[in-house]
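Engineer: The following feature annotations were taken from TrEMBL:
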- 1-15: signal peptide (SIGNAL)
- 35-370: domain 'FAD/NAD(P)-binding' (DOMAIN)
- CYS72-CYS77: disulfide bond (DISULFID)
- LYS81, GLY148, ASP355, MET361, LEU362, ALA363, HIS364: FAD binding site (BINDING)
- GLY211, SER212, GLY213, TYR214, ILE215, GLY216, LEU217, GLU218, GLU234, GLY308: NAD(+) binding site (BINDING)
- 389-501: domain 'Pyridine nucleotide-disulphide oxidoreductase dimerisation' (DOMAIN)
- HIS491: active site, proton acceptor (ACT_SITE)
Amino acid sequence: MKIFSYLLVLQQVYCFAPIALTRRHCSQLNAEFDFDVAIIGCGVGGHGAALHARGQGLKTAVFSGRDVGGTCVNRGCVPSKALLAASGRVRDMKDASHLESLGINVEGEVTYDRQAVADHAKNLANTVKGNLENSLIGLDVSVIEGRGILAGPNKIKDDQSGKIYTAKNIILAPGSVPFVPPGVTVDEKTVYTSDGALNLDFVPEWVAIIGSGYIGLEFSDVYTALGSEVTFIEALPMLMPTFDREIAKQAERMLIRPRAIDYRLGVFASEVTPGEQGKKPCTIKMIDANTKEHVETIEVDAVMVATGRVPNTKDMGLESMNIETNRGFVAVDDKMRVKTSADGEVIDNLYCIGDANGVMMLAHAASAQGISAVENICGREHVVNHEAVPAACFTHPEIAMVGLTEEQAVERAEKEGWTLGKSQGNFRANSKALAEGEGAGIAKVLFNKETEKIVGVHIIGIHAADLIQECANAVEQGTTVRELSMMVHTHPTLCEVLDEAFKGAVGMSSH
């Protein structure tokens, strides 16, 4: 009962998936093993798996590698949101025309304390990390500080003490690290990854961001709000290459053009040399992505490398289990069971979740995969529907999505022989958005016209990251646009933007 009550509190505080609250136990421990489940890594995925395992009555250990919370809590999602929150306030307070439209006048110059902003991010990360540690201790999870290294079937070596532990089931959750392209020298001072950027050691006058995905876009939001000029360097011929194209165009109009941002497309940063803050600029040599010919060299105050992440699977003993990786990624089946290779055999009692398997590199996807792995360990077959896992970019305004992009949906419809439907809601027609002075943006719903089931939703606009959850739930449950069109949405709220799109999908008017 103690475990169940504690999980209820955690679910309320951290919004863990309700599946973690089940009271069905599946204790498996026998004298042959030290633990029922041992988890290598303690990021959001490993932590979620540990909580769920204890909720099932399994004796559980986590090898934290001295990094409880992992990338998300310490160097990613959590501290970056603190920087975005602080810089977003600065942006809002400096937007005199917006404030005046609301009848507000701000006297004098709006200023900020850089160190205090940085401390806000650091303090938040430490608070959340402490909460995660306490939750593990409160549920009697054995937290082993060393990094876990596979030492053969059912065996893990603690790299700190050298001790070998045994577990009936092992879950690999080592996470990922920033990818640094060849030719780029990182000193984490003037040329840095997202790890260094979160320290906010200084606010550069001019910063180049290599890569225009989620991370790069969010930091461009932070930097321009705090007064920096930004240059994106993107290897592909388009900004935001992984985004739905219509949403990417909207984002360029709302997040790029009005701000001190320019960009270079179709070029590689072939050589990046660090500078010295306030004394010597950083140098970036660029070559054409196709011809590899030199096209330009620029000097900037700082360079942020936001070119994606790679799995943190090096030197963790995969060879002891004859596991071959693809660029470090561990192959898994749909139940998160490890395979010896992409086409290889499943290895019994060994699972891999989160960024290390490369299926979907999002913190909440890792948590869902961890819970799913434990369900399968308990003999209750479970598969995560990754097309129902939402994603968000926390710019101002936000971008959020679930399911297929329109380009992917067109391709799938042609391949599978169904008709793609599309409907749109507009923030400019939403009373709550207009009351906030935030009428820019759209919500786009893509659906199968024959089944009326949703295949994708893309939103750009105020609080898009919160609005997307209704759509993710609909995708997961197979709710049709017709069913959604008949559901009552609170008035006046932002979610009526979605109501407009759902009703439009079936020929109804929302006004």
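Note: Cβ is positioned from N, Cα and C throughout, glycine not excepted.
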Engineer: Over the domain 'FAD/NAD(P)-binding' (35-370), work out the mean pLDDT and round it to an integer.
Structural biologist: 97
Engineer: Below 8 Å Cβ to Cβ and six or more residues apart, same chain only. Which residues does that give for GLU234 (NAD(+) binding site)?
Structural biologist: GLY211, SER212, PRO241, TYR263, ARG264, LEU265, GLY266, VAL267
Engineer: Could you state, as a whole number of Å, the largest distance between Cα atoms of any two of GLY211, SER212, GLY213, TYR214, ILE215, GLY216, LEU217, GLU218, GLU234, GLY308, the listed NAD(+) binders?
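Structural biologist: Those residues reach a largest Cα separation of 15 Å.
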Engineer: Between any two of LYS81, GLY148, ASP355, MET361, LEU362, ALA363, HIS364, the residues recorded as binding FAD, what is the biggest Cα to Cα distance in Å?
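Structural biologist: Largest Cα to Cα distance for the FAD-binding set is 30 Å.
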Engineer: Around the NAD(+) site formed by GLY211, SER212, GLY213, TYR214, ILE215, GLY216, LEU217, GLU218, GLU234, GLY308, list the extra residues of the same chain whose Cβ is within 8 Å of the site's Cβ centroid.
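Structural biologist: For the NAD(+) site, the extra neighbours are ILE209, PHE219, MET240, ALA306.
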Engineer: Please work out the number of neighbouring Cβ atoms within 10 Å of the Cβ of MET361 (FAD binding site), leaving out its own Cβ.
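Structural biologist: Cβ-Cβ neighbours of MET361 (FAD binding site) within 10 Å number 20.
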Engineer: Given the binding-site residues GLY148, GLY211, GLY213, which one has the fewest other C-beta atoms within 10 angstroms of its C-beta?
Structural biologist: GLY213
Engineer: Taking each of the recorded positions CYS72, ALA363 in turn and counting other Cβ atoms within 10 Å of its Cβ, which one has the fewest?
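Structural biologist: Across CYS72, ALA363, these recorded positions, the one with fewest Cβ atoms within 10 Å is ALA363.
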Engineer: Please report the Cα separation of MET361 (FAD binding site) and LEU217 (NAD(+) binding site) in Å, rounded to an integer.
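Structural biologist: Checking the Cα atoms of MET361 (FAD binding site) and LEU217 (NAD(+) binding site) gives a distance of 17 Å.
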Engineer: LEU217 (NAD(+) binding site): which of the recorded positions CYS72, LYS81, GLY148, LEU362, ALA363 is the nearest Cα neighbour?
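Structural biologist: Among CYS72, LYS81, GLY148, LEU362, ALA363, LYS81.
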Engineer: In whole Å, note down how far the CA of HIS491 (active site, proton acceptor) lies from the CA of GLY148 (FAD binding site).
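Structural biologist: So the Cα of HIS491 (active site, proton acceptor) lies 52 Å away from that of GLY148 (FAD binding site).
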Engineer: Near HIS364 (FAD binding site), which residues of its own chain have a C-beta under 8 A away, given they sit six or more steps off in sequence?
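Structural biologist: Those within reach of HIS364 (FAD binding site), by Cβ under 8 Å and sequence separation of 6 or more, are VAL44, VAL389.
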Engineer: Given the binding-site residues GLY213, LEU362, ALA363, which lie close to CYS72 (disulfide bond), meaning Cα to Cα within 10 A?
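Structural biologist: Those near CYS72 (disulfide bond) - Cα within 10 Å - are LEU362, ALA363, in sequence order.
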Engineer: Does anything in the same chain, at least 6 positions from LEU362 (FAD binding site), have a Cβ under 8 Å from its Cβ, and if so what?
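Structural biologist: When sequence neighbours closer than 6 are ignored, LEU362 (FAD binding site) has VAL389, ALA391 within Cβ distance under 8 Å.
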Engineer: Per DSSP, what is the residue count of the domain 'Pyridine nucleotide-disulphide oxidoreductase dimerisation' (389-501) in each of helix, strand and coil?
Structural biologist: 44 helix, 33 strand, 36 coil
